[in-house]
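Feature annotations, courtesy of TrEMBL:
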- A:33-53: transmembrane segment (TRANSMEM)
- A:60-77: transmembrane segment (TRANSMEM)
- A:108-126: transmembrane segment (TRANSMEM)
- A:132-153: transmembrane segment (TRANSMEM)
- A:165-183: transmembrane segment (TRANSMEM)
- A:217-241: transmembrane segment (TRANSMEM)
- A:262-285: transmembrane segment (TRANSMEM)
- A:291-308: transmembrane segment (TRANSMEM)
- A:313-332: transmembrane segment (TRANSMEM)
- A:344-362: transmembrane segment (TRANSMEM)
Amino acid sequence: MTDAVGTAAHLTAAPARRGSAAALRLRAASEYVVIPILAVVAASLIFALFLLALGKSPAAFLDLLWIGGFGSAFSWSNTLSRAAPLILTALTVAIPAQLGLTIIGGEGALVLGGFAAAALAVPFVGSGAPAAVVLPLMALAAVAAGGLWIGLAGLLRLKRGVNETISSLLLSYIAIAVTLFFIEGPLRDPASTAKASTLPIGAAYAVGKMPFLKVHWGFAAGVVAAALLGVLMSRTTFGFAARITGGNIRAAQAQGLPVGKLTLACCSLAGAAAGLAGFFEVAAVQGRANASLAAGYGFTGILVSFLARHNPFAILPVAVLFGGLAAAGGLVQRRMGLPDATVLVLQGFIFVVLLASETLYGRFPVFRISGRQGRA
Amino acid sequence: MSAHLAIVLTAMLGGAIRVSTPFIFVALGETLTEKSGRINLGLEGTLVLGAMLGYATAYETGSPWAGVLAGGLAGVALGALHGLLCSLPRVNDIAVGIALMTLGTGLAFFFGKPFIQPEAPHLPSVPLADWTGDHALAEALRVNPLFFVGIATALAMAWAFRNTRVGLVVRTTGDSAAAALAMGIPVDRVRVLATAAGGFLAGVGGSFLSLSYPGSWNEGLSSGQGLMAVALVIFARWSPIRCVGAALLFGAAGALGPALQSVGVTQGYYLFNAAPYVLTLLIMVGSSSSVDAHRAAPGELSITR
C-alpha cells in the first residue's frame with residue numbers, strides 16, 4: 001500500500017533510470033507525494049477564488065499565513081506548539097487506518113486524557129510530591145483514558161460489528177459531556193467564574209519548554225511517538241500483520257492472524273496518542289482542564305492523517321503545515337477582518353479536493369514501473 | 001413529587017416532538033441515500049449549513065418558509081457534491097462524508113458570523129392542546145408544522161419505495177449495482193440524485209434547528225444530530241416509518257436534560273446531555289449485528305459489512 005511514502009520525500013532527485021530497481025520504486029512511490037501536493041495546490045486555488053469572490057486578497061492571506069506561521073522565531077514556536085497535538089491526534093487516525101478502520105473520535109480522547117491528567121494532578125498540588133513522580137503518573141492516566149476510550153470503539157467493532165467511525169464520534173461527544181460535567185460540577189475550581197475549570201495543576205507539575213526552540217516538550221513527544229509508531233507499522237511483524245488485515249481481513253483471518261488483538265491494540269494505541277496530546281495541553285499549555293481542551297485538534301488531526309496518507313512519518317511535515325495555519329489564524333482574523341472559521345473553510349476545501357484526488361492514482365503513466373524489471 | 005413527574009413528562013413529550021423533528025428529516029434523507037447504496041456522513045455539515053442559510057434567508061426575506069427552502073437547497077448542493085465525488089472511481093463515500101462535515105460546518109461558521117445577533121422570524125407553531133386549558137400541556141404541544149411535514153414525507157417515502165417505479169429503481173441500485181446496470185439503470189446518476197434529494201431533506205431539518213421557536217442561529221446548534229441520524233437509520237432498518245418512531249425516541253432522550261432542569265434538577269445537566277449519545281451507542285450495539293438489520297440492509301452498503 002503506502003509503505004514507501006516515507007522514502008519518497010526526495011522525489012525530485014529521482015532520475016528514473018530504467019532498470020535501477022531503487023529508482024523505479026522511488027518513481028512509483030513519488031505518486032503518493034505528488035498527488036496530495038497537487039490536491040493541496042488545487043484546493044488553495046479554489047480558496048483563492050473564494051477569497052477573491054469576497055473581495056479579499058489571496059496574496060495578503062498568503063502573506064499573513066507566512067508571517068503568522070513561519071516568518072519569525074516566535075511564529076515558529078507558536079506553530080510547533082500547535083503541531084504537537086496535531087501529530088498525536090493524526091496518529092489516532094493513522095494507526096487504525098492501517099487496519100482499514102476510520103476513527104474520527106480523537107477530539108474526545110484528547111479531552112478525556114487532558115481531564116484525567118488534571119484530575120490526577122490536583123490532589124497532589126501543594127503536597128510537595130516530586131514532579132518526577134507526578135508527571136509520569138499524569139501522562140499515564142491520560143494515555144490510559146484515551147486508550148480505553150478509542151479501544152472501546154475497537155472492541156464494539158470487534159464484538160458487535162458497530163461501525164467504528166460513528167461509534168468513535170459518539171464516544172467523543174460522551175467524553176466531552178462527562179468532562180464538562182466534572183469541570184462544571186464536582187471538580188470545579190470555585191475561583192473560575194467566567195470559564196469553568198478544574199483547580200490549576202500549578203507550576204510544580206507544569207511541563208516546560210524545550211531548550212532553544214521555545215516549544216513545549218509535547219512536540220518532542222509527538223515526533224518520538226510518530227517515529228516509534230511509524231517503525232512499528234512499517235518494520236515489524238505487528239505492523240505487517242495489521243496492514244495485511246487492512247488489505248483483506250478474510251485473508252488475514254485465513255492466515256490465522258490475530259485480527260481481534262490487532263484491532264484492540266491499534267485502537268488503544270491510537271487513543272493513547274490522543275490522550276497524550278491532552279496531557280500536554282493541560283500540563284504545558286492550559287495549566288488546568290477546561291472547555292478549551294476541545295479546540296478542534298482532534299478534527300484537524302483527521303485531515304492531517306488523510307493528507308499524510310496515514311503514514312506516521314509523513315504526518316510530521318503535514319502537522320507542522322497545519323500547525324502554522326492554526327497559528328496564523330488569529331493574525332488573518334485581525335488583519336483581514338475574516339471570521340475565525342476561515343481556516344476551517346480552507347481545511348474543508350483541502351479535505352474535499354484531497355479525497356477527490358484519490359481517483360487520480362494509477363492514471364499517470366509517468367509513475368508506472370514500466371516493464372517487469374523493477375519488480376524483482 | 002407526582003406533580004413534578006407530570007411536569008417532567010409533559011416537558012419531555014413536547015421536547016420529544018421538538019427535538020425529534022430534525023432527526024426525522026435527517027434520518028429520512030439518510031434513508032433515501034442509503035437505499036441507493038451510499039452513505040453520506042456529511043449530513044452533520046448539511047444540518048449546520050442548512051440551519052445557518054435558513055436563518056440568514058429568513059432574516060433577509062422576512063419569510064421563514066423561504067428559509068426552509070434555502071436550507072433544503074444548501075443540502076442539495078452538498079448532497080450533489082457528495083454524490084458526484086463518490087461517482088469518481090476509488091473515492092470512498094465515508095471519507096467524503098467526513099470531509100463534507102468539515103466543509104459544511106466551516107462555510108456555515110464563516111458566513112454565519114453576522115447572523116448570530118439578529119432576530120429572524122420563526123416558523124409559526126400549531127397549537128394542538130390549547131383547548132385543554134392546561135397551560136403546561138398547551139405550551140408543550142405547540143407543534144412546529146415541519147413535524148407534520150416530516151411525518152407526511154415519511155409516509156410518502158414508505159409508499160413510494162414500495163409502489164412506484166422510482167422507488168424500485170432506488171432500491172435495486174442499492175441492493176445490487178450489477179443487477180441495476182443489467183436493467184439499464186444509470187447507477188451513478190440514481191445515486192447522485194438520491195444523495196442530493198437526501199441532502200435536501202437534511203437541509204430542511206437543519207433549517208428547523210434555527211427557525212423553530214425559540215431557536216436562533218448559533219455555532220453550537222448541532223452537535224452530532226447529523227451523525228446520530230445515521231445510527232438511527234440502521235436502528236430503523238431503513239424503513240421511513242420506523243425512522244419516525246426512532247426519531248421520537250431520540251427526541252425524548254434529548255429532551256430529558258432540559259426537562260429535568262425545568263423542575264430544578266440541575267445536578268448532572270451535562271451528564272443528561274450525554275444521554276442521546278449513550279442511547280445511540282447502545283442502539284448501535286444492539287442493532288448493528290442483529291440478523292434483522294442485516295437482512296434489511298441495502299446490499300451495496302459498506303457500513304453494515
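The backbone N, Cα and C atoms fix where each Cβ goes, glycine too.
Since the structure is predicted, the reported quantities are computational estimates derived from the model, not experimental observations.
For the transmembrane segment (A:262-285), the neighbouring stretch richest in Cβ pairs under 8 Å, chosen from A:60-77, A:108-126, A:313-332, A:344-362, is A:108-126.
For the transmembrane segment (A:291-308), the neighbouring stretch richest in Cβ pairs under 8 Å, chosen from A:33-53, A:108-126, A:165-183, A:217-241, is A:108-126. Highest Cβ contact count with the transmembrane segment (A:60-77) among the listed stretches A:108-126, A:217-241, A:313-332 falls to A:313-332 (criterion: pairs under 8 Å).
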